[in-house]
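According to Swiss-Prot, the protein has these features:
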BINDING   ASP16, GLY42, ASN46, SER110, TYR111, PHE112, GLN166, ASP249  substrate binding site
BINDING   GLN108, ASN189, LYS217, THR218, TYR219, GLY220, LYS221, GLU222, GLY223  ATP binding site
ACT_SITE  ASP249  active site, proton acceptor
SITE      ARG252  site 'Transition state stabilizer'
Amino acid sequence: MSEDRDLLAVGHTAFDYIIHLDEFPEPNTSTAIKRMRNLHGGAAANVALVGSRLGLRTSLVSAVGGDFEGSEYRELLESSGIDIESMILVADESTPTAFVMTDSDHNQISYFYWGAARYFKDAETPADAIKSARAVHLATGDPSFNCRCGEFARSLGKIISFDPGQDLHMYSRSQLERAVGVCDILFGNHHEIDRICSKLSVDIHGLREMGPGVVVKTYGKEGSIIYSDDVIKIDAIPREAVDPTGAGDSYRAGFMRAYLRGADLKTCGRFASAVASFIVEDEGTQTNIPDTGEAVKRFTAQWGYEPPI
């Protein structure tokens, strides 16, 4: 089967409730919601959609409920050129739903209803979708399903990136070893990468020895650090942040866009930072996605040269 897709994203497609508060309430208390919006999200869908807007041919494997059929969200993904033929439909379940709370300091707490995603673990490995992609991104989702997808992709020599995100706590040590062991690029925020190292009893050097030649550790507005044979510090592009939700997923999509075009790691990180800087300027994960030209323009304004991508 020919590789007619650049990037397959595996993991959650979700309906998001983005909720803003002044501060998180203590147990047994309440607090006022300043504003709330019902938007589209899910880490895998975010990566697929941002990647598509950046010119990648993307595909998506998620478990969705009957409410996804005929929805505006399905229409959006299809009209964006994303291949969703391998989506797992659980007709009598609801599509996963995220409730993302953000305080005035942009700290976040998320509550996630798995719904149809509970059926990931029993689903068949999406062999055709993996075969048809040059690279596979394992996003938040069921650990056993992600491990199976990663191992099948590795057997075919695919490029694999892995970002367990907020589902990291669901991985056993054995599952984490399997997923880390098959990936080329490991993404995580600094809390997550530190937890992964702790869970596997390794430092960054030991983590890279387990599989990923590249480990990307993000720090929000403080930027990111790329660990490979070198250690590369990437600055975040200063913007007026409205909502940080989805910035990490867009960073990963931007990074993979540059990486799959053969860019060096510093350019990958800088392009990722440029893409993410758009997402924080509006509420939600998919409301302010740049195209390649817009991201390149912001990259050039920040770093003084046009990226060779």
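Heads up, the Cβ atoms here are built off N, Cα and C, so glycines get one too.
The shown structure was predicted, so the numbers you read here are calculated from the model rather than taken from an experiment.
Within the set ASP16, GLY42, ASN46, SER110, TYR111, PHE112, GLN166, ASP249 that the record links to substrate, no two Cα atoms are more than 18 Å apart, and one pair reaches that distance. On the backbone, the CA of PHE112 (substrate binding site) and the CA of ARG252 (site 'Transition state stabilizer') stand 21 Å apart. ASP16 (substrate binding site) sits 14 Å from GLN108 (ATP binding site), taking the C-alpha atoms as the reference points.
Listed in sequence order, ASN189, HIS190, ILE225, ALA236 are the same-chain residues at least 6 apart in sequence whose CB falls under 8 Å from the CB of TYR219 (ATP binding site). Neighbour counts of Cβ atoms within 10 Å were compared across the binding-site residues TYR111, PHE112; the minimum falls on TYR111. Taking Cβ-Cβ distances under 8 Å and a sequence gap of 6 or more within the same chain, the neighbours of GLN166 (substrate binding site) are SER110, PHE112, THR140. Ranking the recorded positions GLY42, ASN46, TYR111, ARG252 by Cα distance from LYS217 (ATP binding site) puts ARG252 first. With GLY42 (substrate binding site) as the anchor, the candidate recorded positions are GLN108, LYS221, GLY223, ARG252, and the one with the nearest CA is ARG252.
The least crowded of the binding-site residues ASN46, GLN108, SER110, judged by other CB atoms within 10 A of its own CB, is SER110.
Ranked by how many other Cβ atoms sit within 10 Å of their Cβ, the binding-site residues GLY42, GLY223 place GLY223 at the bottom. Under the DSSP three-state reduction, GLN166 (substrate binding site) is assigned to helix. Looking only at the binding-site residues ASN46, GLN108, TYR111, LYS221, GLY223, the one with its C-alpha closest to ARG252 (site 'Transition state stabilizer') is ASN46.
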